[in-house]
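**Q** So that we are looking at the same thing, I have put the structure below in structure tokens.
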Amino acid sequence: MKANTMFIILCLSLSTLCVSSQSTSVHGKIFVPNRAVKLSSDGNYPFDLSKEDGAQPYFMTPRLRFYPIGKRAAGEMEQSEGQNPETKSHSWRKRSVLTPSLSSLGESLESGISKRISINQDLKAITDMLLTEQIQARRRCLDALRQRLLDLGKRDSDVSLFNGDLLPNGRCS
């Protein structure tokens, strides 16, 4: 019973939120409570996503901009946006194809791939080094065990020194 009443209260509160966020008409004008007004890249063409100011439809469509990762990390996007030929014109008809941004994206992808390859090579070198150290430690352990058995005079042909089970804990004594 409590779950049903909670569900009904939740639905009613969500429906009132949805109704209050929609646009209302007063004296023939449309008022939108939360208007999303954005500026173009040069700041001269403000457009409203509610289409009240008669902006061109291609101004309202968001454009994807690709910047080199170095500029993003250094925070140089805002300063270099004025020199960028993609952001100087707004119209899709006047803009050229995104070849500069795609080439910079390709360069960053190539640098990421080369970094990943170098990291993989470093990891392989580290694992090889660890494996050779383990092999050398195992050989030293076997040599020490062989010497101890020889010293004690208990060298027997049935004893296998090259299996991995030297001691129950896997170490030399």
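Just so it is clear, glycine is given a Cβ too, placed from its N, Cα and C backbone atoms.
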**Q** Which residue, chosen from ILE9, ILE69, ILE126, is annotated isoleucine amide in Swiss-Prot?
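**A** Among ILE9, ILE69, ILE126, the one Swiss-Prot marks as isoleucine amide is ILE69.
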**Q** Where does the leucine amide label fall among LEU39, LEU109, LEU152, going by Swiss-Prot?
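**A** Swiss-Prot records leucine amide at LEU152.
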**Q** Which of the listed recorded positions (CYS141, LEU152) has the least company, meaning the fewest other Cβ atoms within 10 Å of its Cβ?
**A** LEU152
